[in-house]
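In what follows, a single structure is set out as C-alpha cells and then discussed.
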C-alpha cells in the first residue's frame with residue numbers, strides 16, 4: 001500500500017482552511033500548519049504528528065487544524081529528500097522524526113546530513129523493550145541472552161527497523177553486553193516487519209522468537225498479557241502503568257535504548273520563524289495535556305529544544321555512528 | 001447472549017436519526033468517489049477524516065460516516081468498470097473482465113444488478129464473520145508467517161495464466177513486467193534505492209493508482225480515438241437492473257464462494273481487497289470450467305470478484321480492530337482515525353470497548369442495506385450518463401483521472417507517469433498482452449518480496465522454510481492442482497476441436 | 001483456454017509487433033539484471049536488495065524469448081490519422097500536466113478540455129460550451145463536494 005496514503009489525510013484539511021491561506025504568506029499568521037509523518041498511518045511518527053497537531057489546536061497555538069501528511073518511504077528518506085529539495089524554506093512545516101531517523105542519518109541512508117535541516121525539539125521519549133511470547137520458554141533476560149551468546153543463530157529476532165536500524169542495534173547492544181563476540185554478530189537472525197504491532201503478532205503466531213521494539217506501539221499487547229516483557233531498555237524503572245517491568249540494568253546488563261520523538265523543519269527557515277516554532281512546541285510540552293497524552297502512549301515526557309536539541313541531535317548521530325561502526329553496520 | 005445484547009445496543013446507536021443520516025451521506029459520497037477513476041476507498045476515507053473533525057462529530061458518528069464511505073467506495077468502484085471498462089479503484093479491476101463485455105451486449109443493467117447483490121452478500125458475510133468469529137479468525141491469521149504469505153502470492157501468480165483467456169506467455173510476461181516495475185524504489189530493508197535513477201519521486205516506488213488509471217483510463221481513451229465516429233463501436237444500452245437481481249439468484253453459489261475467498265484474503269493483513277477479488281474471479285473461473293463464458297460477459301465473472309472485494313473489505317477490519325494491524329491503505333487510515341479518537345485497537349478492544357465494536361458492526365449492516373437500496377435504482381441514472389456523446393464522456397473521464405491522480409501528491413511527475421502508463425497500456429492491448437497482471441504484479445510484488453526476504457531472514461538463508469509448514473504446502477499443492485487441471489482441460493478441449 | 005474459438009475479426013498476426021515487444025522486454029530484463037549488480041548492501045541479510053529483481057528478470061527474459069520465437073496475434077494497429085490524433089491528445093495532456101500548477105486549475109483545464117473535446121470529434125461550438133460546463137462541474141465537484149484543493153490561479157484564491 002505504498003504511497004496511496006501520502007498526503008491524503010491532510011488534503012481536505014487544507015481545503016477547509018480556506019484556499020486563502022495558500023496564497024497569503026502563512027508564516028505571519030501561523031507558525032505551524034502542516035506536519036509530515038514520514039510513514040504510513042498507525043506508527044510512531046504518525047502518532048507524533050497527529051497527537052501534536054491535535055494539541056496545537058486544542059491549546060490554541062494554531063487557529064485551524066494542523067494538516068498531517070503521510071509520506072512513507074525509505075524510513076523517512078523520502079520525506080527528508082522532499083523537504084530538502086522542495087520545502088527547505090517552508091516556515092509552517094514540521095516533520096516528525098526520532099532516534100530511528102537519526103540512526104538513518106548516522107548511517108548515511110538519507111540524502112543529506114544533520115546540517116540539511118533545522119532541528120526544532122523533542123517532546124518525549126519512547127523506550128526499547130525486549131519481548132517474548134507469553135508461553136515462551138524464556139523467563140528472564142539472562143536466560144535469553146545465554147542462549148544467544150551460546151548459539152547466536154538459535155533465535156529469530158524481529159523488530160520494526162531494517163537490518164542495522166535502531167531496533168536491531170538495541171538488540172545487538174544487549175547481545176554484546178552479554179558477551180557475544182563481535183565476529184558472531186552476523187549470525188544473529190534479524191527479521192524486519194512493517195511495525196512493532198506486526199512483529200509482535202508474528203511472534204504470537206510462532207514465526208519469530210523475540211521482538212525488539214518500542215514500548216509505546218505495542219503497549220496493548222503487554223496489558224492484554226499476550227507477550228512477556230524480558231526487559232525495558234531504560235536507565236530507571238518506568239512510571240505507571242509500566243513500573244513493574246524489569247529494566248535491563250536491574251538484571252545486570254547496562255544497556256539503555258531510548259527512542260525520542262521530535263521534529264525538524266527545512267534548512268532555510270529563518271531564525272525568527274524557527275524560534276517561533278520552537279516556542280510553540282515548548283508551550284505544548286509544558287501543558288498538562290501533553291503529559292497526559294504522553295503517558296497514555298507509553299512515552300516519558302522530556303524536553304530539549306532549539307540550540308540544545310540541535311547539539312543533542314549531532315551528538316546522537318556521532319554516538320550511533322560509533323556503535324554502528326563497532327557492530328559492523330557501516331564500514 | 002451477551003453478544004445479542006451488545007448488538008441490539010449497537011443497532012440502537014446506529015439507528016439514531018443523526019447516525020442514519022451520516023450513513024446515508026457516507027454511502028452516497030462513497031459510491032461517487034468509488035466510481036470516479038483514480039479515486040478509491042483510501043481517498044474517500046482520508047477525505048472524510050478532517051471533515052468529521054470539523055463538524056465535531058462524536059466518535060461513533062465519525063466511525064459510521066467513515067465505514068459507510070469505505071463500503072460505498074467498494075460498491076462504487078464497479079460502476080465505471082462495467083459501464084466504461086475503466087475500474088474506479090484497484091479492487092474493481094477484475095470486474096471489467098466480464099462486466100464490460102456484458103455492457104457491450106446490452107446487459108450492463110444486469111451486470112450492475114448482479115454486482116450490487118453480490119457486493120451486498122459479500123459485505124454481509126464479512127460483517128457476520130466480524131461479529132461472530134473475530135477472535136477465532138485472528139488465531140487463524142497469525143498462523144500466517146512470511147513463508148505462508150509468500151505461498152499465497154505464488155498461488156495468485158500461478159493462477160494468472162489465462163486471466164483473460166489469451167496467450168499464457170503474454171499473461172505471465174505481463175505479470176513479471178508488473179513485478180519488475182514493483183521493485184522500483186527505496187528498498188525498505190536495506191535502504192538502497194533501486195532503479196530510481198536519482199529521481200526522488202521514485203523513492204517510494206511506482207504508485208499503483210497512477211499505473212491503474214494510466215493502464216485503463218488513458219489507454220481506453222487512446223482506443224476510442226482510433227475511431228471517433230464510432231462506426232465500429234456498438235452503442236451501449238444498459239437495460240434494467242431487474243434481470244440482474246434474478247440472475248444473481250442463479251449466481252448464488254458463485255457469490256457464496258466469492259464471499260468466502262474474499263473474506264479469507266481480507267482477514268490476512270497485507271493481502272487485501274485486490275487479492276480477494278482476483279482470487280475469487282480466478283478460482284471461480286476454474287471451478288465453473290467449461291460451462292463458463294468467462295471474459296465474454298458471464299454474470300458469474302461479475303458476481304465473484306464483487307462478492308470477493310466487498311467481503312475482503314469487511315474482513316480487513318478484523319486484524320485492524322483486534323491486532324491494531326492495518327491490512328490495507330484504507331484500514332490504515334481508519335486506524336489513524338481511531339487512534340486520534342483515543343481508541344487503541346488491539347487485543348483488548350473487544351473486551352474494553354464493546355459498545356464501539358458493536359456500534360461499528362451495526363453501522364456496517366445498516367450501510368450495507370442503504371447501499372443495496374441506493375444502488376439498484378441508480379442504474380437508470382448511469383444509463384443516462386452513458387447516453388452522453390463520446391466526445392463529452394471521454395474527455396470527462398480523462399479529466400477526472402487527471403485531477404484524481406494529481407490530488408494524490410500534487411505532483412506533475414505522477415501525471416507524466418500516468419500518461420506513460422497510458423501509452424504502455426494501449427500498446428499492450430494492441431499486442432493482446434493483458435494489463436490486469438501488470439497492475440497485480442505492481443500491487444503485490446512488494447509484499448511478495450518482503451515476505452520472501454523475511455522468511456529467508458528467519459531461516460538464516462535456508463530455502464526449505466518456504467515449504468516447511470502445513471499451510472504453505474497446502475497452498476502450493478492447491479496451486480499445482482489448479483495449473484495441472486487447467487493444462488489437462490485445455491489439452492482435452494483442443495484435442496476435441498481438432 | 002478458449003482462445004481457439006474466439007473470432008479473429010480485427011486481429012492480425014503479431015509476427016512483427018510481438019517480436020518488437022519481445023525484444024524490448026528482453027532488453028528491459030537484461031537492463032534490470034545489469035543495473036541490479038551494484039545493489040550490494042545486504043548487512044546480515046541472506047537476500048539483499050539485488051536478488052529479487054534478478055529473480056524476476058530471469059523469467060521475464062525467458063518469456064520474452066518465447067514471445068520472439070512464438071509470436072501470437074495482435075489487434076489491428078490504427079491508421080495514420082488515428083495515430084496523429086492520439087499523439088495530439090497526448091501532447092495536450094502532457095502540456096496540461098505541466099501547466100496546471102503554474103496557471104491554476106481553471107484556465108489550464110478550460111483550455112485542455114476544449115482541445116480534448118475537439119480532438120474527440122466535436123464541433124468548435126459544442127466544444128466551447130461543453131468545455132466551460134465540464135470545467136466548472138469538475139471544479140465544483142473536487143473543490144467543494146469532495147473538498148480536494150485544486151491549484152489556484154496565481155494571485156487569486158480560486
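Here the Cβ of each residue, glycine as well, is placed from N, Cα and C on the backbone.
TrEMBL labels come from automatic prediction, so no person has curated them.
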Under TrEMBL, which of the candidate ranges B:205-225, B:226-246 is annotated transmembrane segment?
B:205-225
Let me check one thing: do the transmembrane segment (B:260-283) and the transmembrane segment (B:415-444) come into contact, meaning three or more Cβ pairs under 8 Å with sequence separation of at least 6?
yes
Could you tell me whether the transmembrane segment (B:391-409) and the transmembrane segment (B:205-225) have 3+ CB pairs under 8 A, leaving out pairs under 6 positions apart?
yes
Quickly jot the same-chain residues contacting the transmembrane segment (B:391-409) by Cβ under 8 Å, restricted to those at least six beyond its ends, or write none.
36-39, 43, 80, 84, 86, 207, 209-210, 213, 217-218, 220-221, 224, 228, 385, 415, 418
Between the stretches B:20-39, B:175-193, B:356-379, B:415-444, B:465-492, which one has more Cβ pairs under 8 Å with the transmembrane segment (B:51-71) than any other?
B:20-39
